[in-house]
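As annotated by TrEMBL, transmembrane segment applies to 25-50, 62-80, 100-123, 144-167, 187-209, 250-276. As annotated by TrEMBL, domain 'G-protein coupled receptors family 1 profile' applies to 41-297.
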């Protein structure tokens with residue numbers, strides 16, 4: 001396998017150590033914008049759910065869990081990257097291996113729980129809409145919901161220490177050490193396959209919801225048609241169900257497109273680097289940027 005380990009051994013997450021000062025400043029500003037917008041939006045969602053009792057549902061519990069994970073990226077990790085991009089390359093803060101592990105841990109913890117929360121939300125809505133109410137109530141009891149949320153964090157805490165080469169592939173300002181084995185390449189491959197599998201499950205859930213809603217709406221429309229012809233008086237015009245169905249489909253489509261835009265570039269860059277040849281460093285950095293920006297989007 002040609003250069004299986006060079007994908008993550010030769011490129012940091014986003015700031016390339018050989019970049020010019022202008023590129024560093026631009027990326028630092030981009031980090032700052034994502035950090036501010038992502039922190040404010042996630043905090044607002046958490047505040048709204050805790051402030052209004054009607055919003056305290058099982059589905060929103062998973063959304064709040066994802067927002068808390070996104071804060072690990074937006075409020076804790078991104079501001080550090082924004083500051084590090086403005087420091088000189090010989091800064092002592094950039095040479096600390098422990099500090100790089102801390103930054104990588106924050107990033108890995110936040111991204112893992114966030115992706116797991118996306119899947120939990122999709123599966124929750126899928127069961128709610130396509131299954132019987134008794135099935136939903138039995139599956140999503142308060143205790144079961146808490147266990148699902150706890151397992152997402154336990155999984156992240158288990159994976160982050162086991163994958164240090166993935167979350168900390170190098171310093172933002174200095175070249176990373178050359179690795180002699182392919183462990184990082186296989187780690188990147190496992191990440192790509194995991195995200196690809198999660199994407200398939202998420203799309204299956206949302207497309208199943210769309211099919212169920214469209215089928216239910218068609219059955220209701222046929223039933224209303226027969227009932228209206230049996231009434232002795234003219235009935236009021238039916239509500240714009242077609243427009244509502246179209247709006248729901250567009251909303252689901254936009255949600256899926258944003259998720260695919262944030263996750264799939266890293267997946268295919270990882271697969272390309274493992275099986276064929278490493279992608280250009282700028283493309284690798286851009287794929288990581290899109291994945292990290294998912295916490296703000």
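Placed from the backbone N, Cα and C atoms, the Cβ positions cover glycine too.
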Sequence-remote partners of the transmembrane segment (25-50) [C-beta within less than 8 Å, at least six residues beyond its ends]
14-15, 19, 56, 60, 63-64, 67-68, 70-71, 73-75, 78-79, 81-86, 289, 292-293, 295-297
Same-chain residues at least 6 beyond the ends of the transmembrane segment (62-80) with CB under 8 Å of its CB atoms are 31-32, 34-35, 37-39, 42-43, 45-46, 49-50, 103, 106-107, 109-114, 117-118, 120-121, 124, 145, 148-149, 152, 156, 292, 295-296
Could you pull the average pLDDT for the domain 'G-protein coupled receptors family 1 profile' (41-297)?
78
